[in-house]
Amino acid sequence: MTTGSVLPLLLLGLSGALRAQHEDLTGREACKAGFSEEDYTALISPNVLEGEKLLRVKFSSCLGTKGTQYETNSLDFKVGADGTVFATRELKIPSEQVAFTVTARERQTAEQWDAMVRLLVAQTSSPHSGHKKGKAVALDPSQSPKDTLLPWPQHQSSSGLRRQKRDWVIPPINVPENSRGPFPQQLVRIRSDKDNDIPIRYSITGVGADQPPMEVFSIDSMSGRMYVTRPMDREERASYHLRAHAVDMNGNKVENPIDLYIYVIDMNDNRPEFINQVYNGSVDEGSKPGTYVMTVTANDADDSTTANGMVRYRIVTQTPQSPSQNMFTINSETGDIVTVAAGLDREKVQQYTVIVQATDMEGNLNYGLSNTATAIITVTDVNDNPPEFTTSTFAGEVPENRVETVVANLTVMDRDQPHSPNWNAVYRIISGDPSGHFTVRTDPVTNEGMVTVVKAVDYELNRAFMLTVMVSNQAPLASGIQMSFQSTAGVTISVTDVNEAPYFPSNHKLIRLEEGVPTGTALTTFSAVDPDRFMQQAVRYSKLSDPANWLHINTSNGQITTAAVLDRESLYTKNNVYEATFLAADNGIPPASGTGTLQIYLIDINDNAPQLLPKEAQICERPGLNAINITAADADMDPNIGPYVFELPFIPTTVRKNWTITRLNGDYAQLSLRILYLEAGVYDVPIIVTDSGNPPLSNTSIIKVKVCPCDENGDCTTIGAVAAAGLGTGAIVAILICIVILLTMVLLFVVWMRRREKERHTKQLLIDPEDDVRDNILKYDEEGGGEEDQDYDLSQLQQPEAMEHVLSKAPGVRRVDERPVGAEPQYPVRPVVPHPGDIGDFINEGLRAADNDPTAPPYDSLLVFDYEGSGSTAGSVSSLNSSSSGDQDYDYLNDWGPRFKKLADMYGGGEED
């Protein structure tokens, strides 16, 4: 064997059981169409040329190969008529695997079958490799029965152009999941033919070796034996891609790395799991067999392309079993539940509970794993029961002229779902009410029909109604269901008579007449009609509203006459119309009344003379500078208003001498000076204004014109305006002097008041002169009931905050806000007849004490000397008798002076008046 030749690589493989292909458990019929395999796998290069053949699928057809058509769900790969899979364009595949579905369809029967194709991407040799041929895998007789000889990719070099060929395609290694070991378990042995010459170390890299999950696979570096170290789980990871390396003892690469693909063979170790434990579905009552109800779905984590993951469904139980124990069936492959029997009736059975079982292994109960779920099927209501009245006739009564009144309640019965469109009743009056006086509304709670008056009925026209009412549902009746005879009923409604109010046939009534008609003129007869034809009643009339009190109405016949002169220009007239309201009342039981409005359109007459406008104006003292525009206002209407005639009277003669009027148009004229100069001042200019009425009316109006000096623009100057007001320069000066004098007097008064206030504060007086009570009579209107009736807390007058200054004062003198501290001096007992000087001495002594007291309050404070001390011998004043009789002698009061004369006259026994 020469250098660069292709050398075989020995791989010690798995046992024959791992290399065996999965076959169907059950025998196939002689002519059963289908793919030979459900899953085809092939290794391909990452670079695929257009038209390159990849693998071949085998399909058996009972009609021959000419009747079979192949399709794929991939745009990159197609299948030829002989089943060869090829690429439709040049491809560069970046991923490790490409999967697509191949479909075989028979043209005559339109049946189709599917198979999965998986293309595994393998590494190619270096572009420097030479030409080489692919070799088949062979068994080496010198090896043990478990050893498998596989080629190791080699390279051949040549000088000149080099052509690249694809490397050997290494078949994948299949490992069953959930193996019980023992572990580590040998998978293959890798051996290079160069190990005869030099020692070689082997290693593997990739996911499961040196990448997470770590150490799932291991290799003996010397012998090249590769092991799996633990049980595999296909649901966790279905395949592994490893790379095998061969280096010498110095770490130099001896061989190019080769790709190893390890596939985990699925085992049936997962039960089917329903997406939901409880499924809810519904089906209409009365549905035909085969009606779709709902779909239940269970997923199996095992390989869905094998029997391990193929789930089949079946119904275990149905509750209730009415009217049949098999009301539903389920599609074993899709999980669709459909009805299989007729007789679904919501009024009998409203809900079914169905237990569904899902089993893998294509539903084989002996080998497959199962799980269950609950399907709750609700029978939905359809309108298969028409509503029916509980009785054939109903009756009611209604007073006339009453609306929105419920006359009768119509009761119905419906066996459909309450408060649904199939149950909700709709009522319709089909005869007996051509004028639309009644309607039938549905009570949303009870479903009863409420016959309601929507248009007032009149007893004098209709005393009774015979209605025919039909009831139906909001939803139409189900197909094949007919209306019941009991869906129609008669309703008799009696109308009762009530006393109706009289009414005015013409309301509002409008009449036209000229204003100014004399009092007592008959205008019209405004009469009312009593609708109660079967009652003999009298109608009386009265005024309800007459703002100007211009009208009078006859209480018996309603004739209206004028009570005053009607004036169109009155404030009570709006847009030439005067409005009054009248009342018509009958004598029924109870009495009823109605109102009517009379509108009087007043036609204008020329009864108002025009008034001159404006009333005041100003003009320059020299003519030609400006003029006064005048017009007139007339309360009348056209044609009794303008055009107006403006003229000056002949008397006084000075008017026409000084002034002139120039006509501008029918409504305006100009008043201007006739003379060259008129002294400034205010002038009353009479002007005669005449309207265009028939007959015309005239009015002499006075306009006050202020004549003033003007500037070059024709405007009155300020001094001129004052002069025009009638005030000369002397008068203006006098007014200013008076204002200055008034301000001076006010200022002097303010100064005097401030000075007086200051003197009051600086004057050393105990009592302000204005507060002096001497020679004054003080009147006390309230007399207490005595000390025993006064609930006073005298302790507040005996507890001062500080007592130092009190202790330092002379005994015998105290202020009202102080309390004596320590032993109080005993006052000498006063004689029965006191000396007249005792009072004066007492007051003088207190005054001196207050003046010498540095802690005394300000002098303008009121000092009260009414505290007698605890040792006073004086008795309570409440014990005094108000009667003039007694043994006490009050003659000594005459010796106290004129201030006590009045008291001496009252108690001293003086001469009586």
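Here the Cβ of each residue, glycine as well, is placed from N, Cα and C on the backbone.
Heads up, TrEMBL stuff is auto-annotated, nobody curated it.
According to TrEMBL, the protein carries these features:
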DOMAIN    167-274  domain 'Cadherin'
DOMAIN    275-389  domain 'Cadherin'
DOMAIN    390-504  domain 'Cadherin'
DOMAIN    505-612  domain 'Cadherin'
DOMAIN    611-719  domain 'Cadherin'
REGION    124-163  region 'Disordered'
SIGNAL    1-20  signal peptide
TRANSMEM  719-752  transmembrane segment
Checklist outcome for this item: DSSP puts the residues of the domain 'Cadherin' (167-274) at 4 helix, 52 strand, 52 coil
Item to check | the domain 'Cadherin' (611-719) - residue tally per DSSP class, helix then strand then coil | outcome: 8 helix, 50 strand, 51 coil
Next on the checklist: DSSP on the domain 'Cadherin' (275-389): how many residues come out helix, how many strand, how many coil?
Outcome noted: 6 helix, 50 strand, 59 coil
Item to check | Confidence summary for the domain 'Cadherin' (505-612), mean pLDDT rounded | outcome: 88
